[in-house]
Amino acid sequence: MYAAGSRGHSPAFLQPQNGNGHRSPGYVPGKVVPLRPAPPPKNHASAKLTSRSQDAPATFAFSPEEQRTPSESRKRKRHKNTFICFAITSFSFFVALAVILGISSKYAPDENCPDQNPRLRNWDPGQDSAKHIVIKEGDLFRLTSDATVDSIVIQDGGLLVFGDDKDGSKNITLRTRYILIQDGGALHIGAEKCRYRSKATITLYGKSDERESMPIFGKKFIGVEAGGTLELHGAQRTSWTMLARTLHSSGLPFGSYAFEKDFSRGLNVRVIDQDTARVLENEKFDTHEYHNESRRLQEFLRAQEPGRIVAIAVGDSAVKSLLQGTIQMIQDRLGSKLIQGLGYRQAWALVGVIDGGSSSCNESVRNYENHSTGGKALAQGEFYTLDGQKFSVTAYSEWSQGISLSGFRVDIADGVKLHLLDDVSTWEAGDRIVVASTDYSMYQAEELTLLRCPECSRSQVKVKEIPQYLHVGEIIDGIDMRAEVGLLTRNIVIQGEMEDSCYAENHCQFFDYDTFGGHVMIEKNFTSVHLSYVELKHMGQQHMGRYPVHFHLCGDVDSKGGYSQPASVDGLSVHHSFSRCITVHGTSGLLIKDTIGFDTLGHCFFLEDGVEQRNILYHNLGLLTKPGTLLPTDRNSSMCTVMRDGVFGNYVPVPTTDCMAVSTFWIAHPNNHLINNAAAGSQDAGIWYLFHKEPTGESSGLQLLEKPELTPLGIFYNNRVHSNFKAGLFVDKGVKTTNASASDPREYLCLDNSARFRPHQDADPEKPRVAAIIDRLIAFKNNDNGAWVRGGDIIVQNSAFADNGKGLTFASDGSFPSDEGSSQEVTESLFVGESRNYGFQGGQNKYMGTGGIDQKPRTLPRNRTFPIRGFQIYDGPIHLTKSTFKKYVPTPDRYSSAIGFLMKNSWQTTPRNNVSLVKFGPQVSLNVFFGKPGPWFEDCELDGDKNSIFHDIDGSVTGYKDTYVGRMDNYLIRHPNCVNVTKWNAVICSGTYAQVYVQTWNTPNLSMIITRDEYPSHPMVLRGINQRAISPQYQPVVMLEKGYTIHWNGPAPRTTFLYLVNFNKDDWIRVGLCYPANTSFQVTVGFLQRQNGSLSRIEDYEPARSMEELQKKPSERKFYFDSGTGLLFLYLRAHSHRDGHSYCSSQGCERVKIQAATDSKDISNCMAKAYPQYYKKPSAVKRMPAMLTGLCQGCGTHQMVFTSDPHKSYLPVRFQSPGKAEIQRGDPSIISVNGTDFTFRSAGALLLIVDACSVPFRVKEKRMFLSADVSHMEEYFKASIPPRSIVLLSTRGEIKQLNISDSLAVLGLAKPAHLYSKGSVVFLGFSGNFAPSWTKLFTSPDEQGLGVLEQFLPLQMEEYGCSRTGSVHRRDLDLLQQALKVL
C-alpha cells in the first residue's frame, strides 16, 4: 500500500493500518515468520463521501441523446477499464506467483532457520582490524562474507546471524579479538532444527602481551553475559565410533617391507603372499658367478605355488652364469619378456605372479654406461589382500655414481581403509579423524586425513596417512578393546589464531609452542546457550578461567534453573587445546554429549569447585590428556617442583602426593552422571572422582546442604578407560581446601588424602548407607591400576579388566573404616592378566618384555619385574564373588597372580575379606600370591604384608571350603593341619579369626612382638603404623580361642589400648603383656563410639590371685600379673553382638585400657621367661576340611563377553586347530560356539551354519566333510547355505587343495583365497547381501596348526537383514532419560 508523493518521486510506503514496526510479544530471535502477503487494510464502513455539489453547485443542460451518449460511453469505458484491470491484476498475480515459486524452488524459507528471518539485513563489515562493532536494538544482521574487525558487542536486542544457503556453499570467516554478547544480544549460526550447512569460522586473534584485558573475560574470547544468547548448530555427524577391524601399523597385517642394498650381486628375489602382503621368502642368487646358483633359482621358482607374487631385482650384474633353462623358467612362470636379452650390468627389475602370464608381469630395464644406468629400472604391481586392502610391490635396480643399488618395497597403495562400527557416511574427504591408542602409551593416538572412497561402505573410510602403530579393532579374550575413532572436523569452527612459538609470560619453560588460544565463557543468567557440532581448535589459555568452553558460576542450567530448554553441548570437537576441554564451574544440570576432547593440557572434562551436581556426561571421548600448569593436580613432576608461588616458605612439593593427577574426566562431586564415556589416554587418570571437604575456588563460602563425601554416587554405567598411566578409574582423595601456612605449607588445591567417600541416604551419616554402583566398567592397558576405588559401600559389577598392572584395588582405611559397617564388592566381572593384545613398541611405550602365556614379545605395564595382579586386596572388608580370572602366568622375571595384595603395606588387612564363586582359567598359574622379598616387594616385612589374609568361603580359590589363606610365615594363624602352598607363599587354614588393634601412647619408634603360645619360636614383629608417631598402632590378625603374649623392643608403654576388632559375641583370646616386675596397673574396659569419641559402660578389671583363678572365670573382668615372668594376663572377650560388616559391636568398640606405673626403663621383652612355661601344644580349633573334588558349580561370571555396546548380542566362537604333531598326540579339533563344543578327530573339514538372526544362537546345520569328500564342498557352498547365516569352517589334517576359494569370496572375502598346501584352514563368513568386518580366513603352513583362535560375532544385526520381533532395549538411553529428569 502506498500513497502518491511529489511528482517524480518514488512511492512512499505506508504501514498497514493493522501493523506496527515493533516486535510481536512472541518474537524469538532466530525464528523466522513464514513468507506470506500482508493482510489487506480494514474496510471502514462508516466513512462517508461528501457530494461535490454540496461544495460548489453547478447546472449543466443536455439533450436526451446527449445525456444518453455520455452515459453509454462511460459504461463502455468502465467495462473496458474493468477488463484492463482484470488483465493487469491477473498478469501481476501470475508473475508474482511465478517469482514466488521460482524463489521457493531455489531456497524455500524455513521458519526454523535463523538466517531466513525476513527482518535481517545483509551485513559486510569488510576487513578493518580497527573497527569496533556494536550491534544494538534494531540491528538485525546477516553476515554474508568474510570480515575482520577489532571486536563485536551484541546488546539490547541486537542480532548477528551467519548467512547460509541450501547447498552449503558459503564459506564465511570472521576474525575478531572478541565477541561479547550482552543482555538482549544474540549470536546464531544455524539452529537445532535447521543446522548450518556451509562453513563458518570464527577466528579469535591477539597476543597475551598486547592491549588491556576486558573485565571478567580477558582476551580472545566469545563471552555470554546475563541475558545473552549463543546458539551454534553445525551439521549433525557421527561424532565418534570404534574400529570394527584391527588397523595394523603400515595398514598391512604383517607390516610394510623395505629393503635396499648395494652390490648384492646376482638376482635378488622376494616371494610375497598375495593374500596378506607378507614377504614369505628372501633369497639371493649369484647368477653372475655360479651356474649352480642359476640352477638353484630355477628349482626355487619351480617350487612356488600358483598365484604367489615374485619380485626380482638385479644387483651389480646377473647374466654371466644365468642358464637358458632358468631364463625359460622366468619367462614361463612369471611372463617376463626382457630377461632373454639382459646384458652385462644392466639394471633389471620385475614384479610378477607365478603362472599369471605376461599380463601380470611388470618389468623394466636400464642400460649400463659409464658406471651409471641413468635412473632406476623400476617394476611395480598392485594387488589386494583378502580384506580388500590395496597394496603395491615394488622392485628396483640401478647403477648410480659407480654404485649398484637394488631394493624392494611392499606397502599400502591409494590409502588405508578403516572398518568402523557405525554409519559414518556423514564423514567426508578432507576431514580429520583421530584413532585412539589401544596400548599403554596414550601417544600412540594418531591423526589421519580422510580420502575420497567411492567403494567404501557406510561404515568404512579411507585415510591418506600410513598408520604408525597397531590399533586393535576386536573383542579380545572377551573384553572390548576396539580403538575409538573420533571425527575432529566440524563445519562450524571456533579457533584461536596462534603465534609460531611460545612468547612472553606463557610458561615457555614448559611449552615451546604458543598456548594463548581463544576461549568461550558463559556467565550466569544467560538467556539461551546451546552448542552442537562445533569444532574448537587452539582454544584455551594457561591462565585460570580461560577454557575452550567454560560455564562459569551459572548455577542450575536445566529446568531446575528455570530453563525450558536446558543448556547443552553436543557433538563438539575440542582438539589441540591449551587448557582443558569443557569446564563446568559452579554449574549444575548441564548435558555434555557426544563430545571429543583430544590433545589437551590439564583436566579435560573438568568439574571444578566441588559444588557441581546433576551434570550428565553422555557418550564423550577424551584422549591424549597432557599435564598443564594451572592447578597442582594438573601438573607433572617437573612443573610441580618448579612452580612454588603457591606454597608456604621453602616447602618443595612432593609430585606423587601433591600433584600428578591430570585426568580426562575430573569429577569433583559424586552426584553427576557418567554414561557411555571413553577415557582413552591420560598422563595420570582416565576418570577421577574426588571429594571436596568444602566448596573451593570462587564457590568458597557456599553452604552445601549435602557433603560430597556423604552424597550417593550418580549414575555410572558403561564407561571405558584405557591407556592411562596411574589409573583408568580412580575414586579417592580430595583437594586441600585451606591456604598454604606454616602448619601446612602445601599449595591450595593440591591433592589431599583426608577425604573418604561414604555415601548415605540424603548425605546423612545417621541414615542408611547407599551403595555406590559402578556398573559396566572396561579397563585395559593402564600402566598401574585399572581401577583404584576407596570408600564405604561400593559395588563394582559387570566389569572387565585386562593388561593392567593391577586390575582392581579396593581400599577403605588403614585401621578402622571411616564408614562403620560398610564393605566393597566386585561381582560378575572378568580379569585378564596378559591378553592377546600384544601391543606395539613406540609412542613412548617404555616397557617391553616376554609374555608368560606364549613367550611372545609384548608391551608391559611397568618394567619386566613388576608383579602383575588381577584383584588386589587391601584394607577391607571386601567381597570378591562370581568373577573369572584368565591368563596369569609368571615369567622368570616377574610374578603374575590372579589375586594379590598391596605391596609394602603398613596398614591393616581384615580377615573379613572374603572370596567366593570365583573361577580360574587353565592359564592361571598363581591363583593368589603373597609376595616375596625382591624387586618391588622390597623386604616384604611391613605390618600389612605380614598380616595379609582372606576367607575362602566356598573353596573356589584353594579347594578347601571355609578356610582362610594367609602368608606362609604367619604363625599367629596356623595350626598343625594347615596346608602350605609354597608357590603362593601361602598357608591354608581352618579356624576363626579376628584382629586386635593395639595403640600405645608416647612411644615413638617402638616395635611390638606378638607370639602365639603354641609357636613361641615364630614371633611376629610389628613396626607399627606411622612408626614415628607419638602414638603408634598395631593390628595383628589372630586365631580366636588361643593365647598370645606381647613384648616390646623398648620400655613398656605406660598407656596401652586394646580394641576388639571383628570379634563376634563371646569370641575371645587371652593376652599376656610384658612389663617390669615392679609395675602396678589400672585396667578398665568401655565402649567407644567412634563417631563422636564418647566412652560408655566403663568397668574396672579386678586383679586375680592366680592364673588358675583367671582361667576359671574367663568371662569376668579380671587380670593376673605374673611378676615372675613379667606378664600381665587378661582375656579379651566380646560381650556384645557385631552386626554385618561392622568392625565393632553394636554398642561401640570394646576397648581395654591398661595404665601401667613403673620407674623401670628396661626393655620389656619377656620371651625367655614366658616360654616354655606358657607353651601350648599346637592344635586346631576348627577341623580342616577335605579337599573339594569336581568342578565348581556356578563359579565365575556368567557373561562371556564385555563390550561397550551391551545392547548388542555377541556370539563367542572358539577354534582349536592342532598341527600334525598335536594330531598324532591325539588332540581333537574343536569349534566351540557360545561354550558348546563341536569336536572332530577325523581328517577333513567341519562346517557349522549358525542363524545370524537368532538370540540365543541356533546352529542350523552341522556338516562334516571327510578328506575324500572335500571336493564336494564347493557344490554344497553354492546350493545349501541359507541367507542370513554365519559360516564357520575348520579343517583337520592334510588337505592338499581346497576348491572353495570362489565360494569363500562370496561369503565375505574380498577375493578368492590361496588355499594350496595349507596345514590348517579356519574361516568365518556370512551368507547374505552384506560383508561384515568380522569375516576372516586363517591359514597355516603345511603340517602346522593355528592353535586357539577366538572371535566374537555380533548377532541380530539390521545389516544382516534380520527382522527383529521387538525393539532392542537400551539401558543407557533409559538411564539418560532418568538423569534428565530433575527431581
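Cβ coordinates are placed from backbone N, Cα and C, and glycine is handled just like the others.
Positions annotated as region 'Disordered' by Swiss-Prot: 1-76.
The topological domain 'Cytoplasmic' feature in Swiss-Prot is assigned to 1-82.
Residues or ranges marked as phosphoserine by Swiss-Prot on the basis of similarity to another entry: Ser10 (among others).
Annotated phosphoserine per Swiss-Prot: Ser53 (among others), in sequence order, evidence recorded as a large-scale study or a structure entry.
The phosphoserine annotation in Swiss-Prot covers Ser63 (among others).
Under the heading topological domain 'Extracellular', Swiss-Prot lists 104-1383, citing experimental evidence as support.
Across the domain 'G8' (121-245), DSSP assigns 0 helix, 59 strand, 66 coil. As annotated by Swiss-Prot, domain 'G8' applies to 121-245.
Shown in sequence order, Phe254, Gly255, Pro467, Leu470 are the residues of the chain, 6+ apart in sequence, with a C-beta less than 8 angstroms from the C-beta of His248 (site 'Essential for hyaluronidase activity'). His248 (site 'Essential for hyaluronidase activity') carries neither a helix nor a strand DSSP state and counts as coil. Swiss-Prot lists His248 (among others) with the feature site 'Essential for hyaluronidase activity', giving experimental evidence as the kind of evidence.
Residue environment of Asn292 (N-linked glycosylation site) contains 13 other Cβ atoms, counted within 10 Å of its Cβ in all protein chains. If you look up Swiss-Prot, you'll see Asn292 (among others) marked as N-linked glycosylation site.
The secondary structure of Ala303 (site 'Essential for hyaluronidase activity'), as reduced to three states from DSSP, is coil rather than helix or strand. Counting Cβ atoms from all protein chains shown, Ala303 (site 'Essential for hyaluronidase activity') has 10 others lying within 10 Å of its own Cβ. Per Swiss-Prot, the feature site 'Essential for hyaluronidase activity' maps to Ala303 (among others); the stated evidence is experimental evidence.
The feature repeat 'PbH1 2' is assigned by Swiss-Prot to 711-733. For the repeat 'PbH1 2' (711-733), the mean pLDDT of the prediction comes to 98.
Per Swiss-Prot, the feature N-linked glycosylation site maps to Asn914 (among others); the stated evidence is experimental evidence. Long-range Cβ contacts of Asn914 (N-linked glycosylation site) within its own chain (separation 6+, distance under 8 Å): Pro877, Ile878, His879, Leu880, Phe950, His951, Asp952, Ile953.
Annotation source Swiss-Prot lists domain 'GG-type lectin 2' at 1208-1366, citing sequence analysis.
Summarising the environment of Asn1234 (N-linked glycosylation site), the number of other Cβ atoms within 10 Å of its Cβ, over all protein chains shown, is 16. Swiss-Prot lists Asn1234 (among others) with the feature N-linked glycosylation site.
Secondary structure at Asn292 (N-linked glycosylation site), taken from DSSP and collapsed to helix, strand or coil, is helix. A separation of roughly 17 Å, to the nearest angstrom, links the Cα atoms of Ala303 (site 'Essential for hyaluronidase activity') and Asn292 (N-linked glycosylation site). In this structure, the C-alpha atom of Asn292 (N-linked glycosylation site) lies 56 angstrom from that of Asn1234 (N-linked glycosylation site). When the repeat 'PbH1 2' (711-733) is classified with DSSP, helix, strand and coil residues number 0 helix, 13 strand, 10 coil. DSSP classifies Asn1234 (N-linked glycosylation site) as coil under the three-state reduction.
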